[in-house]
Amino acid sequence: MVEGGRGVDGKLILIVEDSLTQALQLQALLETHRCTVAVAGNGVEALEYLEHSQPDVIISDVIMPRMDGYELCQTLKSRPATAAIPVILVTSLTDPRDVVKGLTCGADNFITKPYDERYLISRIRYLIVNREHREHERVQIGIEVVLEGERHFITAARQQMLDLLISTYEEGIRLNTELKNKHEELSQSNSLINSLFRFTSDLSAASSEKDIIQRGLAQLLSFSGVACAWLMLTSDEQWHLAGLVGEGLTANRILHCGLQCPCHHAYDTDHFCDLIEVADCPVLQEIYPQQYHVTIPLFFGNEVAGLLNIAQEEGAAWDEQQRSALRALGHQFSVALGRARLFDSLELLVGQRTAALQQEMHRRESAQIALAKNEALLRHILETLPVGVLVADVDGQMILHNPEARRIWDATQQDAQTCTGHWEASGEAIQGRNWPLQHSLSSGQAFLNQVAEITRDGEQKTLLVSAVPFALEGEERHGAISVLQDISVQRQAEMELRLRNHAIEASVNAIIITDANQADNPIVYVNPAFERITGYTTEEVMGCNCRLLQGNDHEQMGLESIRRALRHGNEGAALLRNYRKDGSLFWNELRVAPVRDDQGRIRHFVGVLNDVTDAKRYQEQLEYQANYDDLTGLPNRNLLMDRIQQSINFNSRHRSGFALAFIDLDNFKYVNDSLGHVVGDQLLRQVAQALSGCVREGDTLARLGGDEFVVLLNDMADLDSISITLRCMLDAVASPKVLEETEVLVTSSIGFCLAPQDGNDPVTLLKKADNAMYRAKEQGRNQICSYKQEMDEAVRRRLALEHDLRLGLERNELVLYYQPQWSPHSHTTVGVEALVRWRRGDRMVSPAEFIPLAEETGLILELDDWVVRTACAQAKAWQEANLPRMTVSVNLSARQFKSGRCIELIREVLQQSELEPELLKVEVTESLVMQNAEDALMTMKQLRQLGVGLSMDDFGTGYSSLSYLKRFPFQQLKIDKSFVDNVVGDREGAAIVQAVIGLGKTLGIQIVAEGVETMAQYNYLTLAGCDLIQGYFFSPPLPVDACTTFLQQDHNWNPRLL
C-alpha cells in the first residue's frame, strides 16, 4: 500500500491497480491536481485499507488477481460504511456487457482505456461535488437495458443514475467529435490519393524526359495547397534547373540561389536520404512570408540525381500525411525519369548491337572465303590446336608441324633438336631410334600415350606422345602422324598435391576428413597431429562421428553454427570445448569446409582443429587483469564503473539509494619515496585487506590506482549507517601496519556522496566523492567529509586557475623576482635566487597557489624550462653590464629532475645564453633526492661535469641520512626558514642550526641561511659561522629593474653585531 502526500484540495483518492506502471501514471496525474493518493495492488488490499481510511473516490481496474474490480465494487456497495463512496471502473475492456456488468455491481462510472485525462478529472470532481446529495438520497430507480437481445435491469439511486446518463451523454459527444475529425482526415486522404493517381497517370503517358518534367511539374499544382515547385537535376556533378511552376518563380531567382540552400548542403555532406524541410529558403524570399518548402531527393539507383522542391500556399508546413504523399510523389517522379533514361539507353544499345551484328556478318563472309581453301583450313586448325602435331612421310621427311609443336620443342624452323630427334623445314629426316614417330614409321604400328622427358636450356619438360601411321588412298603406307602434349603443368600439379599431403601429415593442427555421402558423416582420415592433440589413434576414430570429442558437452553455443554449416554445405567456424581420450578438457578453434566434385556435389567435409587452450587461458587472464587490480586483487576502475552503473539501474527500478566513498591515503607518497616502492606496495595490500573487513558482501571495494580506493555501499542511504561504515574504514587504515619489521602509521581522508541525490551517472558520482575527499584533506586529513554542492565551485575555480596558468605561460604573464644572497665575510652580494611570480590580471598570484597546480598538471616542466632560460639570460645581461660577478640559483621540480631531459635542458640553455656554468646553481629539495637516490646521484654528477653548482634546499625538513649526504656532490646546504625562525630564544632550534653549520664545515659545504628577517638572527648566524645570508633582513625578492638598481649600488656595509 502506497500513500502520497496531501495536496491543496486534500481529497483522498484510492487507486486499485495491479500494474505498478499504470498506477504510478494515474497517481502522478491526480497529484498534479492536488489530490492525496493511495494505491492498492488488488481488491483485497483495498478492503484492508478501507478498514482504517475513508477515501473520497475509488478508481479501480477490473482485471486483477485475488479480487477483481467487479467483486470489489459489489462488496463496497453492500457495506453501509462504504456504500456511499463513488467508484469509477477504469479498464481496457470494451465489450458493452462489461460496462453493464460494472454498473450492475454498483459502479458510479465506467471509463475505458485509453482515457482522456481531462474527462477523468472532470468525472472525479463531479462525483466528489455530488457525493453529499447522494448520501442523503433515499429514492432508488431502475433502468432496463436491452443489449444484443438480452435484458439487463440496473437499480441505483436517482442521483447515481443521473450521473450515469450525464457521463453517457458526454462520452457520446466525444465520440461524435472524433468521428467528425476522422471524416475530415478521410476526405483529405481521398483528395491526396486522387491527386497521386492523376500525377502517376500523367507521368505514365509521357515518353521523353522533357515531357515527363513538364507534365509532372504542371500536375503538381493540382495538389491541394501546392503553390510552386521547381526541379534541379545533376549531371557530371553539376546541378541545373530542369523546370519550374508557380507564380513568382523565375529561373534567375533559382539559379541565383546557387548551392546556398540547406537542401544542397545536406546533399553535399552525404546526409540526404529522405525528405527534408527547409525553413528559410533564399529562393522563396519576397514571394512567401515564411520561405518554407520541402525538398524530396530523386534517386536513380542508390545515387541522388535530382532535388524536387515544393512550397505550400502561404509558406505553411506540411503535416505527416502530406509528407508521406510527397515521398510517394518523389518516388513516382524518380521512376518515370529513370524509365525515360532507360529507354534512351536501350535505343543507343540497339544501335550499337546492330552495328556489331553487321560487322560480324562481314567477318563471317570473309571466313567463308578463307574456308574455301582446304590447305588454309588445315593450317588454321593445326595452328590453333592445344597439342603439337608432327607429320612425316614414309622416308621420315617432315611434311608438317604446327606452332604448338615448335613451342614444345622450343625450336625455330632453323633450330635442330639432337637429344631425341630433330627436324628442319627444309625436309631433313627425323632421327632417334627411341622416338615414337620413328617406331611408327618403321613398324607401321600405333604407339599411344608414351611419356617422354626432354630438356631444353636447363628446363625439363614432360611430354605425352602418340604416333600412328597413315596411308593415302591407293597406297599401303604414306607416313605417320605424331601428337605431342606438354603435361609439365599436370605433373607439377601432382607434385604439389603430394607436397600438400605431406604438409597435412606434418601440420601442427589436427585435420579431419569426413564422408558426406554416408550417414552421420563418419571420419575417413585424421592426420598425426589429431592423434597427438586428442590421444585417440586413427583406428579408434575411423568410422566414428566427431561428436566423440564433445563428451557429454553437447549444448555448446558454437556447435549450432557448425551444424548449420554442415546442413547447408557452407564453411563454418566455432570455438568449442573438447575432451581428450583421458577426459581432460581442451579448447579448440574448429573450421569446417565442404569439398565438392566437378559437378558441385559435396563429397567430403574437411575440419581443421587448432588447440587454443593456452590462448584461452591467456585470454581469461587478460579479462581478469582488465577488471581487477594486480597488486591488491580488488576490482579496478573498469569493474567499479560497471558496478556503479548496475547500482544506478537497480536504484531506478526499486527506488533505493546507495553511497559512494572515495578514500585516499595521507602521506603515502612520503612512505613510498622514503621506504621504497616495495614497502609501499606492501602497505597498499595491507590497507586493502583492512578495508575489506569493513564492507558487506554486496558492497564493492575497488582500487583506482596509486593510494586511491573507492567503496560502493549498496542499498545504504541513511547517514548513520554510512558514518559507522566509513568510521570503521578510517580506523582500519589508521591502525599500525608492520612493514619489513618497521611499524608504519598512516591515515586516510574519505569523501562520500549519495545517489541519486548527488548524481545519477558513475562519472558524476565519482567526481563528487573525489571533491569531498579533497575537502576532507583540506580540513586536516584523517577526516570524513560528505559532498556539498559548493565543492563544485571550488573545483571550477581550480580548473579556471589551471586554464589561466596555461594562458599565462603563453602570454608571458610570469615574471622572475630575484632575492640577493649576502656574504657576511666579504660584505658583498655574491648571488641571487630566481623566484617565479605570476601577474594574473591586476593581482600577483602566490607561488604557493600555482606551483602545486603546475606540478599536478605537468605544466611544471614548461615552467621550469622558462625559469632556467630567463634566469640565465638575465645573469648574462648583468654580467655584460659590468655588475659584480655573482651566481644565480634556480629551483628545479622533482618531475623535471626525473624527466630524463634535465641535463639536455641545462646544456642547451648554457650554450644559448653563453653563461659560464659555474655561475649557475641548481637547487633541489631533500625529499626529491630521497625519492630515487641512485638516479638523482647520476643526474647530479652529470650536472657537476657540466660545471653547474648544486644546492640542497630546505635541508633538515626531510629524513635523509648523513651517508646519503656524503655521497651527493652538493656545494651548498640551505637551512630551512623554520629552523632560522627559532634560532634566537630556542635552545633546541639553535642547536640544530649549529649542528648543520658544523656538518657543512666538516664536509666542506657552504651553508646558506634562508628567511633571515631580524638583526638578532643575522648576528647569531654570522657568529655561528654561516657562509651566506638570504632574507628580508637584507633584501626582499625584487623584480628585474629593482634588483639591477640594488646591485649597482654600494652594499659593502657591515651590520653591527650585538
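Cβ coordinates come from backbone N, Cα and C, glycine included.
TrEMBL annotations: computationally assigned, not manually curated.
Over in TrEMBL, the protein carries these features:
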DOMAIN    12-128  domain 'Response regulatory'
DOMAIN    374-415  domain 'PAS'
DOMAIN    445-499  domain 'PAC'
DOMAIN    496-569  domain 'PAS'
DOMAIN    572-624  domain 'PAC'
DOMAIN    656-789  domain 'GGDEF'
DOMAIN    798-1051  domain 'EAL'
MOD_RES   D61  4-aspartylphosphate
(message) Using DSSP, what is the helix/strand/coil residue split across the domain 'PAS' (374-415)?
(response) 18 helix, 11 strand, 13 coil
(message) Same chain only, sequence gap of 6 or more: which residues have a CB within under 8 Å of the CB of the residue listed as '4-aspartylphosphate'?
(response) V16, E17, D18, S19, Q22, G69, L89, V90, T91
(request) For the domain 'PAC' (572-624), jot down how many residues DSSP puts in helix, in strand and in coil. (result) 12 helix, 30 strand, 11 coil
(message) Looking at the domain 'GGDEF' (656-789) alone, can you tell me the average pLDDT?
(response) 90
